Protein chains: 4
Amino acid sequence: MAPTKKGVLERLNAGEVVIGDGGFVFALEKRGYVKAGPWTPEAAATHPESVRQLHREFLRAGANVMQTFTFYASDDKLVNRGQKLAFTGQQINEAACDLAKEVANEGDALVAGGICQTPSYLSCKSESEVKAIFKKQVDVFVKKNVDFLIAEYFEHVEEAEWAVQVLKATGKPVAACLCIGPEGDLNSVSPGDCAVRLVKAGAQIVGVNCHFDPMTCVEAVRLMKEGVERAGLKAHYMCQPLAFHTPDCNRQGFIDLPEFPFGLEPRILTRWDMHKYAREAYKVGIRFIGGCCGFEPYHIRAVAEELAAERGILPPASEKHDLWGKGLEMHTKPWVRARSRRDYWETLKPASGRPDCPSMSHPEGWGVTKGHADLIQHAEATSAQEIQHLLQMQKKAKSSA
Amino acid sequence: MAPTKKGVLERLNAGEVVIGDGGFVFALEKRGYVKAGPWTPEAAATHPESVRQLHREFLRAGANVMQTFTFYASDDKLVNRGQKLAFTGQQINEAACDLAKEVANEGDALVAGGICQTPSYLSCKSESEVKAIFKKQVDVFVKKNVDFLIAEYFEHVEEAEWAVQVLKATGKPVAACLCIGPEGDLNSVSPGDCAVRLVKAGAQIVGVNCHFDPMTCVEAVRLMKEGVERAGLKAHYMCQPLAFHTPDCNRQGFIDLPEFPFGLEPRILTRWDMHKYAREAYKVGIRFIGGCCGFEPYHIRAVAEELAAERGILPPASEKHDLWGKGLEMHTKPWVRARSRRDYWETLKPASGRPDCPSMSHPEGWGVTKGHADLIQHAEATSAQEIQHLLQMQKKAKSSA
Amino acid sequence: MAPTKKGVLERLNAGEVVIGDGGFVFALEKRGYVKAGPWTPEAAATHPESVRQLHREFLRAGANVMQTFTFYASDDKLVNRGQKLAFTGQQINEAACDLAKEVANEGDALVAGGICQTPSYLSCKSESEVKAIFKKQVDVFVKKNVDFLIAEYFEHVEEAEWAVQVLKATGKPVAACLCIGPEGDLNSVSPGDCAVRLVKAGAQIVGVNCHFDPMTCVEAVRLMKEGVERAGLKAHYMCQPLAFHTPDCNRQGFIDLPEFPFGLEPRILTRWDMHKYAREAYKVGIRFIGGCCGFEPYHIRAVAEELAAERGILPPASEKHDLWGKGLEMHTKPWVRARSRRDYWETLKPASGRPDCPSMSHPEGWGVTKGHADLIQHAEATSAQEIQHLLQMQKKAKSSA
Amino acid sequence: MAPTKKGVLERLNAGEVVIGDGGFVFALEKRGYVKAGPWTPEAAATHPESVRQLHREFLRAGANVMQTFTFYASDDKLVNRGQKLAFTGQQINEAACDLAKEVANEGDALVAGGICQTPSYLSCKSESEVKAIFKKQVDVFVKKNVDFLIAEYFEHVEEAEWAVQVLKATGKPVAACLCIGPEGDLNSVSPGDCAVRLVKAGAQIVGVNCHFDPMTCVEAVRLMKEGVERAGLKAHYMCQPLAFHTPDCNRQGFIDLPEFPFGLEPRILTRWDMHKYAREAYKVGIRFIGGCCGFEPYHIRAVAEELAAERGILPPASEKHDLWGKGLEMHTKPWVRARSRRDYWETLKPASGRPDCPSMSHPEGWGVTKGHADLIQHAEATSAQEIQHLLQMQKKAKSSA
């Protein structure tokens, strides 16, 4: 069946909307299969049923793309800080490809092989060393013949360029996403300049993923688009943001929020927030619209429902929803039936039920970047002494804020 | 393997903690398999893999009980307000039993057949009619030989008594939960009096589920326990609350909140809130501790982790967590590694990132109860005229508030 | 002019609304004439122009009562904890009477001599000792021939009874207010029982002042009224609450809030909140309606404006307001002119502009009451050692909360 | 005594800090002497005791400048929209000068004659017409021999230039403040460019007042200073911000907030917020530091207390305060005594006690500026028809937001 599918560039060139999937590491952390901290995807090999089921849910929600669950599946990352895994990087990457392909073929979805930033880069390894790391994963993607490739979650545009160059060599379509907001990458390269560099490196689709809430990400992609057009270049645009509200973030995104990663619940977007995201992304000219950390299947469904007219189709899971809460017409309580309408949900300001909590947080702003001693990778577990050192750093960072 | 398992009463009599599972209808709504409104569990028959996977996740999170996914699977409910299903009530109940049993046997879990309140009761049907509705589901549970039975989610203690009587006739252990808070049932019967009536009707385990946040539910069960002890009776106690903060609820619980059911995200409890819940429930003398709507696998895991010392065991999914966020020691960013400790998470006040939203809502208080015209069941879909009538009712209720 | 004025009881017996004034110690603290901590009223002697001006503003706002600025002007309080004043208690009380009378005679207002709770009572002095303290202030009030007397701000009904007995002996009308909420006094005597005891001691007007927000105080007075009527007694009712929102207070009122006394700004009621207060107080049957700490002249004006129809008169200061913001019709900006209407202000939910702050606080709950070592009065200034001891107490109180 | 006083420029040239006073129109509105809407200062003539008292309180709080209460006392403004006053503009301006001088001479304060923007400018009158309006007020200031002049509260730098030119002609020192934030004036002229134009027009002191909270205003003045220095010019800098938190404001400032002017209470700054403001202003190089709307005497006192070391003096009113709440050592309740220290108040996050209210608002953004029909002045009162028209405009503005 796969050969008859339209490729990602054909779809985008034809003006179609391509719906991405949601974030696997956060969803599977909540389901019990990913550890927050290393965030590695060994569950593809150890618990394939959990990964397969999540793929299916996103497919059912309307996703046209099954990203292989290969985030942080680079060999250098898998051994970080005392982690010992029963599977090799190659085995994990292969298992992930098989699962993505199996489910993609249950519908009209494409398989995208994904790579992301590496501890090697943060530890100041050379370009060729970093590229060799990427190459190992890409070899699997080529062997498994995925439909296209995504380089995503890069904080430094330089590393993303290297990744795009490696991906480009395969001949497959290449998408590239930085995890930046409107302020630019960690070296203050603006979104527009980042995008131009990624396009010049060979990416046909550019955008951002993770680190910021949908509206912030859409604005960053809009700036990318402006930059590309100003440079007289051409590209397609994609956006895969967080499903968390982050109005209080600094340049480093939600990693710096005090709630990351175990206290983010009150920030989770509602499905109605997702309608606004999908509409805004569409307006700005983004046509590859998906999600990252925090996106559950119902969030992707909301994106697909908002763009149902443009796409000419509702996702399968809408049989269990009906647009704008119309399914509530079947609720027992009459006041809940009275909510089965768009204007109710569109204007609701949801309370947090947390009157002892503030609305905004102060992100940590340690200001350490690539090359700083505390960022260098090592294979041993974190020691108690190291933690003491970090607590002192934190105190210093807070008092100077 | 099943015959060798210790029964629920043996466990409770021995002073063990029994961990319940979380809420299926809300979790599967977000995954795309349940429709908010009817909230019926036909996915047991139509998409068994989704239900099986959720059972597995709760088992992995530490649950000792697999509740059959048979909520609202009574024949009168399945046909409500225009719903047409491809499976009969019997088929759905049977499929749900098979799935629960299959997964329970992958670990040390018991299967509990569950029934809940009926539209027949709200529509003022007779005791024998209502009992006949319950009997149909119970017949399946007996045939499938579940381990014990739970009557749950009753707003009126009278209907719960009827349910307990039907369950009791099977000879299996019976648990009974009302969906009430400290104010008592919809007819203002106090938690203490409710509990006494349920025990006298034959329940060996009594408690509350759904409708209120954990601390409110624990308080309601504490009042039940006081009542039972004051009456010179004996029982075991259970609690399966919401995973949503509801400080602003009235007697009817979260159904009355304006955010129900599609805007509850900012109210979701963190895993650390669940530690407090588990500890408080344990202190009060509750030994069957689980969850209801909003509980995801990681919430149940947090309950199991808090009570690891008492239970002498950590749940399987803790391999992907480590207590109190210790897994963060493997995080790349040093300031996140600095959060791998209990006192950080225990005292965090999470921001909502929603500065335009209030902290609390005003629940709707229509004051309609059993027998009111707007509560009577009918098989036809809700008409536009009915919705207009409801919007007028709502306006009236708001202006008199 | 004074002899022709109708007395307070004649007015209340005739069913008239009597508007009280607002809180002097808080208003004059902000103006620079009262020290937070001792809260004593020596400004009556040292800066009479500041006190006279505040009286005038309340008169202009519609107040029918000028309370002498004699709060905490008992001889035992004036020497507390190292305070040294240039004027005697008698001089301060006399100066305060003269100022109140001077301004009262500029309009139709009555002069009320006020006393309040004493450090002597908290230090377990005898009934006769405490009464002797009250007597000294009352002697001044008699000499200056005030119109009636108010015993207010008592946390223990027993001390208030003693005060009423001393006041009653003068033959002048007596009003008595506790600073309690619906939970009752510090010894858990209910509002109803407190009110009965005050009426039996001789008070013709009973109620509450200070410590809680308006709606909470109105509820406490409602319970007082219920108690008095249940006991077959008769009284008039008064209410002089805070102008701060205190939904999070425990029995001890706003003193326990972490914001007391220098961080209460975000809790200040708007004038529109005061309209609701005045209406609710009136509905409940309270006819002496005023304010305490936090009430500025415009708050009293709002009370008078809400009850303009019932009183048949608008206050003088309304010439600079117009009802419900109608004065905004003269504003330059058109969108502000569009706000010159009742429904705009009545439904506004004012934002705090403080997204880093929570909505509610946790009051301190040290649980120390009359007789506790830390409450005993002494004349020396607080030592550094004492403060250290208190910080330790606080830490203990917090960790056990 | 006045002749021996050091002038404002001498003080600033010597590096001294000059403390300004607070906002009269808001303070006197709450005291019952100013009408919100026209905001005109006729109380100087009708109720001089109220104005004199407020001057005294600011003097006592540490202010070195008594601004004449002549805001909006231009002849064109006094007759706006149906207002009829018993005093002429000249009488009001003269009375205001007398009051300011009387109180200034009770201490070491200077008198500053103040003018502000005019409806004539908004109604597109010519430069000479607008200047003639200014001239009338200035003639009074010259006759009354004030110490220096302030042009303040200008939304358009062009009108401020005209004002400075008129003031400059008197030969007295001239200060000029726009009511702008970091985004610049209503025509998008940047703060830096505005400041350069004001200095070139003849102002020796430039800065901003009103419209934004202290930190925002300090940032705007910082940008002004940068501009002036970049242009190779010299000036002194002043800042007189709101005492309201306005993180949610757009370019037009707090006038656009839905809470303006009758629901701003929860936004009021604490005295501790003022300490931060004073310190930050000082750091940036601002030496004329005062306040505008919302500033009460205790706010100015806090500014003076923060800069006590730099100024070598505490204000008189600090006798009733003691630094950082040390006066609380005399409080009866031990837990309040435990708050008599800097670190308690410096880190407090005050709750609003308003759990049903959001943290931030959406300002109205009508986008009407100088010359728009709805901004043109007229003498008749606003009609019901006009209000209807405005409500429709508002609806349109909201739906397009």
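Every residue, even glycine, has its Cβ placed from backbone N, Cα and C.
The Zn(2+) binding site annotation in TrEMBL covers C:Cys210, C:Cys292, C:Cys293. Residues or ranges marked as domain 'Hcy-binding' by TrEMBL: C:6-307.
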Revision key, fill the gap. Neighbouring CB atoms within 10 angstroms of the CB of C:Cys292 (Zn(2+) binding site), all protein chains considered, total 30
Practice item. Have a look around C:Cys210 (Zn(2+) binding site) and count the other CB atoms within 10 A of its CB, chains all included. Key: 28
Check your understanding: Hey, for the Zn(2+) site built from C:Cys210, C:Cys292, C:Cys293, who else sits with CB inside 8 A of the CB center?
Key -> C:Gly23, C:Phe26, C:Tyr153, C:Cys179, C:Asn209, C:His211, C:Gln240, C:Pro241, C:Leu242, C:Gly291, C:Gly294, C:Phe295
Review point. Among the binding-site residues (C:Cys210, C:Cys292, C:Cys293), which are close to chain D, meaning C-beta separation under 8 angstroms?
Key: none
Point to revise | Confidence summary (mean pLDDT) of the domain 'Hcy-binding' (C:6-307) | key: 97
Point to revise | Chain-internal residues, separated by at least six, CB under 8 A from C:Cys293 (Zn(2+) binding site) | key: C:Gly23, C:Val25, C:Phe26, C:Cys210, C:Leu242, C:Ala243, C:Phe244, C:Phe254
